Amino acid sequence: MEQYRGTTILSVRRGNKVVIGGDGQVSLGNTIMKGNACKVRRLYKNQVIAGFAGGTADAFTLFERFEAKLEAHDGQLVRAAVELAKDWRTDRALRRLEALLAVANKDASLIVTGNGDVIQPENDLIAIGSGGAFAQSAARALLENTELEARDIVEKSLGIAGDVCVYTNHHFTIEELSF
């Protein structure tokens, strides 16, 4: 059975801000099932922002597990991500989940993968999902050649991804942390 999937999630850190944004399209195979899904949210007392790409039900399971890890480790992002990754590798049910998480707080931006990896990307730029490569290319160009704020870079880059990726639309959810 096919899963609901297809999205673009982008995280940009610049100055004293980190922003994660995502589109709202949910696809089942070649069909758009929903256009206004919220794939980005705030976690742990509004100190962490997170976005997901991949199977929708799988991602919600991961959100719940990740939030529980944040609570258990007093909001320590890296520790919570590593503990979730450990569970992901050892738990039979979790190993079958097909999703990626992009998570960030004032100190770090991380990708938690379906293989149980925790990756801190270069330049604190994260792009995941079907339109991730398009959004990442646009964001890198804007980071290197403009003085735009992080939120503006996310908006413009998601817009470009939405123009070229059939699994990405222009209904964005964007969350921002200032520190």
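Cβ from N, Cα, C; glycine included.
Around Thr7 (active site), the same-chain residues at least 6 positions away in sequence with a Cβ under 8 Å from its Cβ are Gly22, Asp23, Gln25, Val26, Lys39, Phe52, Ala53, Gly54, Gly129, Ser130, Gly131, Tyr167, Thr168. Secondary structure at Thr7 (active site), as computed by DSSP, is coil. Positions annotated as active site by Swiss-Prot: Thr7.
Residues annotated as Na(+) binding site in Swiss-Prot, with sequence analysis given as evidence: Gly162, Cys165, Thr168.
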Those residues of the chain, 6+ apart, with a Cβ under 8 Å from that of Cys165 (Na(+) binding site): Thr8, Ser130, Gly131, Phe134
Cβ-Cβ neighbours of Gly162 (Na(+) binding site) (radius 10 Å): 22
